[in-house]
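Participant: Look at Swiss-Prot and you will find 12-32 tagged as compositional bias 'Basic and acidic residues'. Annotated region 'Disordered' per Swiss-Prot: 1-34, in sequence order. As annotated by Swiss-Prot, transmembrane segment applies to 39-59, 66-86, 106-126, 152-172, 179-199, 222-242, 262-282, 299-319, 337-357, 359-379, 399-419.
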Amino acid sequence: MSYQQPQLRGPLQRETDPSDRESLVSGHEHGGKSSQSAAVFNVVNSVIGSGIIGLPYSMKQAGFPLGILLLFWVSYITDFSLVLLIKGGALSGTDSYQSLVNKTFGFPGYLLLSTLQFMYPFIAMISYNIITGDTLSKVFQRLPGVDPGSWFISRHFIIVVSTVTCTLPLSLYRDIAKLGKISFISTILTAVILGVVVTRTISLGPNIPKTDNAWVFARPNAIQAIGVMSFAFICHHNCFLVYGSLEEPTVAKWRRVIHTSILVSVFICVLFATCGYFTFTGFTQGDLFENYCRSDDLVTFGRFCYGITVILTYPIECFVTREVITNVFFGGALSSVFHVTLTAAIVTAATLISLLIDCLGIVLELNGVLCAAPLIFIIPSACYLKLSEEPRTHSDKLMACVMFPVGAVVMVAGFVMAITNPQDCTHGQEMFYCFPDNISLTNISHSPRQLTA
C-alpha cells in the first residue's frame with residue numbers, strides 16, 4: 001500500500017472555465033445522476049447531521065446575541081466557500097477537493113488536505129455513533145416491561161447493533177446519488193425533531209429557572225462556539241461528490257443548489273439553537289437531548305427520530321472517508337472486495353472509538369476547530385487566491401483574504417481554549433429540574449455544574 005499521485009481524467013486534464021459544463025467528478029465511481037432537489041437534500045442532510053444538536057450549546061458558549069450573529073456569519077462563509085471550491089476546481093481542471101489542492105500546492109498541500117478531509121468525516125462518524133447510543137438507549141428504556149438496567153438497551157450494545165444492521169449496509173453503496181431519498185427522509189425527521197424542541201420551549205421552558213447572565217451579549221468561549229458551528233455547517237469534504245452527481249453540473253447550477261441548501265439549513269439551525277437555548281440557558285449540554293427528562297414521552301419520540309436521522313446521515317461521511325483513502329493509497333479505484341473490506345474497516349474503527357467516548361461536546365469542539373475551520377475558511381480561500389487571475393479588488397478575492405486569517409485564528413485559539421478550558425459534561429445524569437422537589441426553584445445563583453451533580 002503506497003501513495004498514488006492523483007491523476008486527472010478525461011476532458012478535465014485541460015484547463016476549464018468556471019462556467020464549463022464538464023462534471024468535476026469522474027463517473028466511474030459515482031456514476032449515478034441526481035436532480036437539483038436531491039442534491040439539495042444531500043447537502044442539507046450533511047449540514048444538519050450531528051452538529052445541529054450542539055448549536056444551543058454554542059449559544060451558551062458565545063452568549064446568545066453574539067451566538068446568533070456568528071451563526072449567520074458562519075452560514076454565509078459556508079455558502080461562499082462551497083461555491084469558491086467548485087470555481088477553483090473549474091479553474092484548475094480538477095475533479096475533487098484533493099486533486100484541487102494537489103495541483104495548487106503540490107504534494108505537501110495534498111497530504112495536509114487528505115489528512116483533514118479524512119479526520120473530519122471520521123470524527124463525525126464517531127459523533128454519530130455517540131448520539132445514536134445516547135438517544136436510542138433512552139428511547140428503549142421507556143418501552144413497557146423493559147428493565148432500564150438491561151445490557152441489551154445499553155448505549156454500547158445499541159451502537160454495535162445499529163452499526164451492523166443499518167450504518168454499515170448503507171455505507172456500502174458506491175453511488176452517493178442513491179442516498180438522495182434517504183437524505184429526504186432524514187430532512188423530514190429533522191423537521192419533526194425541530195417541532196419537538198419548539199413545543200418543549202413553550203411547555204417546559206417557563207418551568208426551568210434561567211441562569212445568571214443568560215442573555216449577556218458575549219462570552220469568552222465565542223471562538224469555541226465558532227468551532228461547534230463550523231462542525232455543524234461544514235459539508236466541503238463531500239461537495240465535489242454531490243456536485244458530480246448533478247445532471248450536467250455547472251457552477252451556476254451548483255450555486256443555486258448551495259444557496260437553497262444553506263438557506264434551508266440556516267433557518268432550521270437558528271430556530272433549533274434559539275429554542276434549545278431559550279429552554280435551558282446556562283444548563284444547556286453539548287447534546288441537547290441530555291437536558292430533557294427521561295420520563296418525557298414526546299422527547300422520547302424526538303430522540304427516536306434524531307437517532308434515525310443520524311443513522312441515515314452516517315453513510316455520507318463514510319463515503320468521503322473511503323474516497324480519501326481510495327485516492328491516496330489506491331489511485332482512485334477499488335475492486336468490489338476491497339470496497340467492502342475498506343468500508344468495513346472504517347466503520348469498525350469508528351465504532352470502537354465511539355464505545356470509549358461519552359461526552360459529545362468536546363468531540364464537536366475539537367473537530368470544529370481542528371478540521372472544519374481549515375476546510376471551510378483556510379484551504380478554499382488559499383486555493384482561490386493562488387488560482388484566480390481576478391484583480392485584487394475583486395469581491396471574491398477580498399472575501400478570501402478575510403477568510404484566511406480568520407480561519408487561522410479560529411483554529412489555533414479554538415484548540416487552545418478547548419484544551420485549557422474544557423466544558424462540563426453531564427452524560428447520563430438526570431437534570432435537577434426533572435425531580436418534582438426542584439421544579440419550583442425560581443432564582444438560581446449557583447453554577448449549572450453544582451445543580452446537576
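Yeah, the Cβs are placed from backbone N, Cα and C, and that goes for glycine too.
Keep in mind it's a predicted model, so treat the numbers as computed, not measured.
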Participant: When each of 39-59, 179-199, 262-282, 337-357, 359-379 is checked against the transmembrane segment (399-419) for Cβ pairs under 8 Å, which one has the most?
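Facilitator: That would be 359-379.
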Participant: Please indicate, using numbers and ranges, the residues of the same chain that are 6 or more beyond the transmembrane segment (262-282) and have a C-beta under 8 Å from a C-beta there.
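Facilitator: For the transmembrane segment (262-282), the list is 40, 43-44, 47-48, 52, 55-56, 58-60, 64, 67-68, 71-72, 75, 78-79, 82, 190-191, 194, 197-198, 200-201, 204-205, 208, 210-214, 232-233, 288, 291, 447-448.
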Participant: Please tell me whether the transmembrane segment (179-199) and the transmembrane segment (39-59) touch - that is, whether there are at least 3 C-beta pairs under 8 Å between them, with each pair 6 or more apart in sequence.
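Facilitator: These two stretches do touch.
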Participant: Is it the case that the transmembrane segment (299-319) and the transmembrane segment (359-379) have 3 or more CB pairs under 8 Å, with pairs at least 6 apart in sequence?
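Facilitator: These two segments do not touch.
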Participant: With pairs closer than 6 in sequence left out, are the transmembrane segment (152-172) and the transmembrane segment (39-59) joined by 3 or more CB pairs under 8 Å?
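Facilitator: They are not in contact.
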Participant: Considering only Cβ pairs within less than 8 angstroms, which of the stretches 106-126, 152-172, 359-379 has the most against the transmembrane segment (66-86)?
Facilitator: 359-379
Participant: Residues of the same chain, at least six outside the transmembrane segment (106-126), with any C-beta under 8 angstroms of its C-beta?
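Facilitator: For the transmembrane segment (106-126), the list is 5-6, 49-51, 97-99, 231, 234, 237-238, 314, 317-318, 320-321, 324-325, 327-328, 346-347, 349-350, 353-354, 357, 363, 366-367, 370-372, 374-375, 379.
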